[in-house]
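Asks: Structure below; questions to follow.
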């Protein structure tokens with residue numbers, strides 16, 4: 001799932017993904033965070 005959180009590196013997505021989908025598995029893709037529930 002792609003969330004509307006800007007990023008430059010994947011670790012910036014981990015806490016945002018934790019909030020959004022409940023897991024901290026995420027990557028920065030195309031300047032947005034992609035989370036893996």
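Heads up, the Cβ atoms here are built off N, Cα and C, so glycines get one too.
Heads up, here are the entries from Swiss-Prot:
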- 7-28: disulfide bond (DISULFID)
- 13-33: disulfide bond (DISULFID)
- 17-35: disulfide bond (DISULFID)
- 27: site 'Basic residue of the functional dyad' (SITE)
- 36: site 'Aromatic residue of the functional dyad' (SITE)
Asks: Rounded to an integer, what is the Cα-Cα distance in Å between residue 36 (site 'Aromatic residue of the functional dyad') and residue 17 (disulfide bond)?
Replies: 8
Asks: For residue 17 (disulfide bond), which of these recorded positions sit within 10 Å, Cα to Cα: 7, 27, 28, 33?
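Replies: Passing the 10 Å Cα cut: 27, 33.
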Asks: DSSP secondary structure for residue 13 (disulfide bond), reduced to helix/strand/coil, please.
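Replies: DSSP call for residue 13 (disulfide bond): helix.
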Asks: Please report the distance from the Cα of residue 13 (disulfide bond) to the Cα of residue 27 (site 'Basic residue of the functional dyad'), rounded to the nearest angstrom.
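Replies: So the Cα of residue 27 (site 'Basic residue of the functional dyad') lies 6 Å away from that of residue 13 (disulfide bond).
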Asks: With Cβ-Cβ distance below 8 Å and at least 6 positions apart along the chain, what are the contacts of residue 7 (disulfide bond)? List them in sequence order.
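Replies: 13, 28, 31, 32, 33 - these are the non-local Cβ neighbours of residue 7 (disulfide bond), listed in sequence order.
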Asks: Sequence gap of 6 or more, C-beta under 8 Å: which same-chain residues meet both conditions with respect to residue 27 (site 'Basic residue of the functional dyad')?
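Replies: Spatial neighbours, sequence-distant, of residue 27 (site 'Basic residue of the functional dyad'): 10, 13, 33, 34, 36.
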Asks: Is it possible to get the count of other C-beta atoms within 10 angstroms of the C-beta of residue 28 (disulfide bond)?
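Replies: Neighbour count, Cβ to Cβ under the 10 Å cut-off: 17.
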